[in-house]
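Listed features, source TrEMBL:
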ACT_SITE  Glu496  active site, proton donor
DOMAIN    167-288  domain 'Beta-hexosaminidase bacterial type N-terminal'
DOMAIN    291-694  domain 'Glycoside hydrolase family 20 catalytic'
DOMAIN    749-800  domain 'GH29D-like beta-sandwich'
DOMAIN    820-958  domain 'SGNH hydrolase-type esterase N-terminal'
DOMAIN    970-1145  domain 'SGNH hydrolase-type esterase'
Amino acid sequence: MTVVGCTLSDHEAPVSVTWHINVPDINKSNNIEQKFVIKNISNTIIDGDWSIFYSQFPMKSYLQQSSMAKVEQVKGTFHRISPNKNYTLLNPGDSIVLIINGRGEVPGYSMQPEGVYWINGSKGSTPLPIKFHNHPIPFLFSQNERANQIYKENQRIEKAILDTSMIEVIPAVKHATYAPSVLNLANSIHIIAHPDFHIETSILKNKLSTLYGITDDSLSTVQLRIDYLHQKKNAVNEEYYELDVANNKIQLLATTPHGIFNGMQTFLSLLKGQESPYTIQSVFIQDYPDFSYRGHMQDVARNFIELSDLKKLIDILSSYKLNVFRFHFSDDEGWRLQIPGLEELTEIASHRGHTYNESECLYPAYNGDFDYQSKTSGNGFYSRDEFIDLLRYAADRHVAIIPEIESPGHARAAIVAMKARYKKYQDTDPIKAHEYLLHDIHDTSQYVSAQGYSDNVMNVAMPSTYRFMKKVIQEIQLMYKEAGVPLRSIHIGGDEVAEGAWKGSPICKNFMLEHNMTDVQELSDYFIMRIVDFLKEQNIPFSGWQEIAAGHDKDFDRYLSENALGISCWKASPHSHSDELVYQFANKGYPVILCNASNFYFDLAYDKHPNEPGHNWNGYVDESKSFSLLPYSIYRSIRNRQVEKEKTRLTEQGRKNIKGVESALWSETIRNFEQVEYYLFPKIMGLSERGWHASPQWENITGIHEQYTYEKDLSFYYQRISQKEIPYWEKMEVNYRLPFPGLYIDNDGILFANSSIKGGQIRYTTDGTEPTLHSKLWNKPVKCNSNEIKAKLFVGKKQSVTISITNSHLQSEASEANIIYTNANQLQLLGKATMEGSFFHRIDTVRYKDLPKSVKKLYAHSSGLAIAFKTNSTVIKARWTIPNKRQNTNMTPIMQKGLDLYIKKEGEWQYAGVGIPQGIHSTSTLAENMDTSEKDCILYLPLYDEITHLEIGVSSDAYLKKTKNPFKGKIIVYGSSITQGASASRPGLAYPSQLSRSSGYQFINMGLSGNGKMESSVAKMLAEIKNVDAFILDCIPNPTADEIRDRTIPFVKTIREKYPDIPVIFIQSVFREKGNVNKTVRHRVNEQNKAIEEQIEKLHKLGYKNLYLIKENHFLGTDHEGTVDGVHPNDLGFKRMVKEIQPVITNILHI
């Protein structure tokens, strides 16, 4: 490269780089467009011999646009930009624009490029840092919508009524009995402890002194006695303790030092949130954990954590009674533990920096630093002595450290280190060169791991691989022995071996032939068996990721389960059946450790706010998600997901095999220890709580009672965090995270705000500036006349990220003039049985003169009708007319006379907004502050009234297009008021509409409130509807049992004359809640259902085919919470009903 006469410093690159990120279609947020602008900031011409390196999470790149540059993935997160074949020269002040389109995680704080540096053409040139500018990451969601959602969630928590007698400790104690007296504790206490508990007592004295200024003084009037519990029959397990606080005496008793340590943590927790002089309510506590394994996995391989920080972390975790620390010290990007005899592991694989062949260090990754000697998170390791020190430190706090040797996948750091060892000795000592080699030199396997590596899997057919594993294990054993600490288990990894590994290895191919193997999976099994055998010889139980337990025969399963301490189950996604694996493993006999990514992967961002660090590949995890895990009911651990009855259930023995819980903090997005603390606190409070209390009160109840009990527990949880833990973290100098506040502006422009964390200050601005501690304090609802409000939560020295909302009240007043309305009759109408007649009537009511008058009137209602359209507008409004003022008392105004908007996002129809009726003539904003991408929309019309006019409005600079019917086919649903939609809260929640959205088929709502009585005139009308694919007859609640016996066969005969073969599906009358207590109602429903069953049997005997009966099976649930009035389903009831009948219907119809 030539840069002649450059005036820049020799330590500065001649270019700057500016990075932008954009998501062209917000409905496809993983379709990402990145733009790099490379500008010549020197005063000379730059020729074509240069490279720019950077680190960034890989994405699948499918298009690059640039006239003069290209980008390539070197390894994992490490990328290189260089001139392409069209490059000529880059003049001073000129720029190159490189656009990359690809698929990856939703853009957020942690997804941007890092460690950008410059290299000129010569191989020995010095890396130079580049002036790098990154543009703010765009919001891919409505801040108004998110702020409102948070506000509503906080409101529900605030409304929960708390039991003020509960002890504010995390984790909560099992049993507490209060006395009226109070113990006053000033600045001293006399501690009398059994000698066996001297380590625990020493730690307690130190905490009392450093945190609370309380010293051990034999002259103190307050005495703390620490001794053995002699009533051992009380001890539920070895961690059981009793703490008795009465008058001036405190007594702590347990059968083990671990129990004493737990009791000390509870005693210290009683002091949290106070200033001297301290008081403690007299109380007798009996407490113990439900799980013996309460762990945290800390990744120190990807990014290093200093020893002093690890000790601080273990100290804090032990204060929440966590007792396992899984030490993830090896992975693709680093090896962090010194192993005597394998010096290359730490000489090479514990450092990252600029290298051409990885002979001195690994390639840069994550933070991208090019200096392998710098003190950054990419560089560092723990010496043997330091690790022994850490083992003793943790053991004193009753925390067992379980080392994890990632194998055979995720092993690139070790592979590269042993490759360097091979090269060092290949000419002088070939035997030594091959002694611990982990890869086949002639391997041509083609694979890509989840993190973008093609060379990260140990070769399991080489004897040297097993020598390496044994060497590492034996050296670790010696460290534990010297530390005087038992080695409870070694975790051997076993996860994410990429498809394609070993297939191109000549050594593996020969090995498979020699051992009669036909599948590479057998190689993996062989490796696992060899390592487990060796560990068994050493009397060390193994641990591993869930992949180790998958796909084996019974004998293999039995052998592994008998020799395992725990299988870490992480892949419990509610979006698939992978969450069933957890219980399948437990039922097979494996000891299961719950490490659900959806609840316990703490490197997932707290929120989708782009300024929140972390991943989002499996959603978002905050402190409520960790709290929500239900170990014995994991399908309900994601609270917005339904439990599926057909999923694997725990057997009685399987329940005993759920051994514990464990969080995981992967360090790809971590650059310093402050970020570790940010991710963990307060998230890990939920893990602590669930490890101690495996079965919260709300686990075995459903419906509104479950929701209330959950929110009550959640409120108490947040109260403890606010009043006890935050003051403790302040004393411990923990960099905890605060949630941004919830905000809401009502129709009068009044600003409401709240937070799940109490005791803080919500500060806001109205001029577009960032809120500070000096900004306006929100402490009551206040009128806002500004377009934009920005707010933050402040507690002590901490502050949340900023949330910003727009004042739609002001905007809507000014924006009506900019709305263009289109008559709905120019757009696509959905849900109409026949297109003849009035546009908004379900059938041509004029044509069928012999229909009962009440039926004609009801078919004029727009039940199930909807308008489909496309628009790129940021706002959608509607104007409509309904002549009838009558209001049913058991129905919402929105359901009867309002509108219901759905927008398709990532392949799913999602609720977007409602049109609220205001009388005969209504105007309403359905959605606003949206992005400008094209949106597929469905607008559902009123369920229980006739609409005579409808216009849809969009902004004047946007388009509104007629679209095709998004649903296939035509399935007629004839029925009662339930079919028509009573009493859903919104039009789109009537069950035929729900079936349409979830199946992709068009279910036509022909429900008739109180009038689905199978009259012959109705049968003729239904039979004349064209192109019907199936009939669903859900009318049984309306006719009497005698009418059912008289009318069913003629009704079916009429339909069969026109449609001889298509399915006809009857649904029995739903058992509704009135029948729970009213014997007359119950008898009537039973008679109706018995009558239709008899008639279907008669039709079968008459030779009618393709007739089906869906029998009533408590469609609305068994908790009697599924109706509004004991008769008509509410939203919960309809949801349950759809869940029950949809699989049956889709199976019959093969859709």
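Note that Cβ sites are derived from N, Cα and C of the backbone, with glycine treated the same way.
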Determine how many residues of the domain 'GH29D-like beta-sandwich' (749-800) DSSP places in helix, in strand and in coil.
0 helix, 25 strand, 27 coil
With every protein chain in view, what's the tally of Cβ atoms within 10 Å of the Cβ of the residue listed as 'active site, proton donor', excluding that atom itself?
16
In the predicted model, what is the mean pLDDT computed over the domain 'Beta-hexosaminidase bacterial type N-terminal' (167-288)?
95
When the domain 'Beta-hexosaminidase bacterial type N-terminal' (167-288) is classified with DSSP, how many of its residues are helical, how many are strand and how many are coil?
34 helix, 47 strand, 41 coil
Determine how many residues of the domain 'SGNH hydrolase-type esterase N-terminal' (820-958) DSSP places in helix, in strand and in coil.
15 helix, 54 strand, 70 coil
